[in-house]
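The structure under discussion appears below in the form of structure tokens.
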Amino acid sequence: MDFLLLGLCLHWLLRRPSGVVLCLLGACFQMLPAAPSGCPGQCRCEGRLLYCEALNLTEAPHNLSGLLGLSLRYNSLSELRAGQFTGLMQLTWLYLDHNHICSVQGDAFQKLRRVKELTLSSNQITELANTTFRPMPNLRSVDLSYNKLQALAPDLFHGLRKLTTLHMRANAIQFVPVRIFQDCRSLKFLDIGYNQLKSLARNSFAGLFKLTELHLEHNDLIKVNFAHFPRLISLHSLCLRRNKVAIVVSSLDWVWNLEKMDLSGNEIEYMEPHVFETVPYLQTLQLDSNRLTYIEPRILNSWKSLTSITLAGNLWDCGRNVCALASWLSNFQGRYDANLQCASPEYAQGEDVLDAVYAFHLCEDGAEPTSGHLLSVAVTNRSDLTPPESSATTLVDGGEGHDGTFEPITVALPGGEHAENAVQIHKVVTGTMALIFSFLIVVLVLYVSWKCFPASLRQLRQCFVTQRRKQKQKQTMHQMAAMSAQEYYVDYKPNHIEGALVIINEYGSCTCHQQPARECEV
């Protein structure tokens, strides 16, 4: 074919000048990449995109050229051999996820220089050589999640200056090598969650100047030091949820632009007072489900930019140390979870923190100050119960006395009696509403029974009528018995004249006197 085209060009050049143009066009056509030779059986072709998915393939199709995209997901590939994709020099994306790949040779992706997206997730890969991604310097996205990687080669991502997204979730990675991401200057999203990381090196994330989102959740980290994230000037979201973190510290004094931090579900008992001063732009903070008992006033003062915070599920000690937190919450204008319960002391267990502060007068005058600060009168129960004229609890710094010692300043704020009256009214209203609600429930049950079971109600009514008749009969019998038991006395008035009664017999007369008598009728 090439010789024929060359002969035609020479012929046209000899006969007319326009042959030069035709020869140039022919040369251009020869330089264009060849179209795919044919669509393999059972695969789906869309132009220069080939989809061979869920076909139980054990090897990649052969004799493929000119493809821009190849999907071999949901098959039974077990290994990637060296030079397996050498004929796909125009390929821009390659999907190999959901196979059984356990071995990837170092030269498996040879000559795939134009590939920008590579997916190897949901396989059984245990290790990757340093040279695995070297033939693909234009990679933008790599997905290695849901494999069995235990370690990362120190130079695994060397040369990937255009990489923007890297997924390594759900592996068995125990350590992140120092400066492993040094060349990943464009990386914006990094996910190493659901692994087995126990610690972080100070320079593990060095070079990630454009990183905006970092996921380290569900690992085994026991300590968080903000010094482990140096120069991450573009980081906006840091997720450390569900680790085993007990303390949070910061050994470097520098400021970064973090806006969202998730530390929930850990075992945090202590946070350095200055730890949040390095994140002055923090807007969302999640500290729920930890072991915090109180929060230092200095930490609370550094939360000036927060708009949302979660603190539930901690072991709050509702003693004097809780006053600073209660005061801050009463003045906080953002969103926070209302389910903050006291874990100690015993008399306040299960009570809401703000309710306990008010009910037990924890922050009134006369108590000793904590941490060089004194909180004045009781913190109001809720913003909806606080009267307009009452003031919230105020945190006041101490001053120096005449002898140079620190003396607390107490400030008495009005509104205690009004708040107490409001609480009493609230209790009365709540009880009344509960009674009304109970009565309505009873009426509703009777109405539903009357509508759904009329025969049963008729029998029940007849039973009540019969019982009432029996009770009336019993009462009548008792009354008649009582009347018959009474004695009625009738005075007897004889017809003859009371006086002497003369009886005459053969011996003579006998005189006797007759006394009046009474007859008793029964």
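Cβ coordinates are placed from backbone N, Cα and C, and glycine is handled just like the others.
Features reported for this protein in Swiss-Prot:
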- 35-63: domain 'LRRNT' (DOMAIN)
- 314-365: domain 'LRRCT' (DOMAIN)
- Asn56: N-linked glycosylation site (CARBOHYD)
- Asn63: N-linked glycosylation site (CARBOHYD)
- Asn130: N-linked glycosylation site (CARBOHYD)
- Asn381: N-linked glycosylation site (CARBOHYD)
- 64-87: repeat 'LRR 1' (REPEAT)
- 89-111: repeat 'LRR 2' (REPEAT)
- 112-135: repeat 'LRR 3' (REPEAT)
- 136-159: repeat 'LRR 4' (REPEAT)
- 161-183: repeat 'LRR 5' (REPEAT)
- 184-207: repeat 'LRR 6' (REPEAT)
- 209-231: repeat 'LRR 7' (REPEAT)
- 233-255: repeat 'LRR 8' (REPEAT)
- 256-278: repeat 'LRR 9' (REPEAT)
- 280-302: repeat 'LRR 10' (REPEAT)
- 1-34: signal peptide (SIGNAL)
- 449-522: topological domain 'Cytoplasmic' (TOPO_DOM)
- 428-448: transmembrane segment (TRANSMEM)
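Long-range contacts of the repeat 'LRR 2' (89-111) within the same chain, counting only residues at least 6 positions beyond its ends with a Cβ under 8 Å from a Cβ of the stretch, are 33, 48, 65-83, 117-126, 128-133, 135-136, 143. For the repeat 'LRR 8' (233-255), the residues of the chain that approach it from at least six positions outside its boundaries are 188, 193, 209-227, 261-272, 274-275, 278-280, 286, judged by C-beta separation under 8 angstroms. With a threshold of 8 Å between CB atoms, the same-chain residues lying at least 6 positions outside the repeat 'LRR 5' (161-183) that come near it are 121, 137-155, 189-201, 203-208, 215. Rounded to a whole value, the Cα-Cα separation of Asn130 (N-linked glycosylation site) and Asn63 (N-linked glycosylation site) is 29 Å.
Per-site Cβ counts within 10 Å over the glycosylation sites Asn56, Asn63, Asn130 peak at Asn130. On the backbone, the CA of Asn56 (N-linked glycosylation site) and the CA of Asn63 (N-linked glycosylation site) stand 19 Å apart. Each residue in the repeat 'LRR 7' (209-231) gets a DSSP state, and the totals come to 3 helix, 6 strand, 14 coil.
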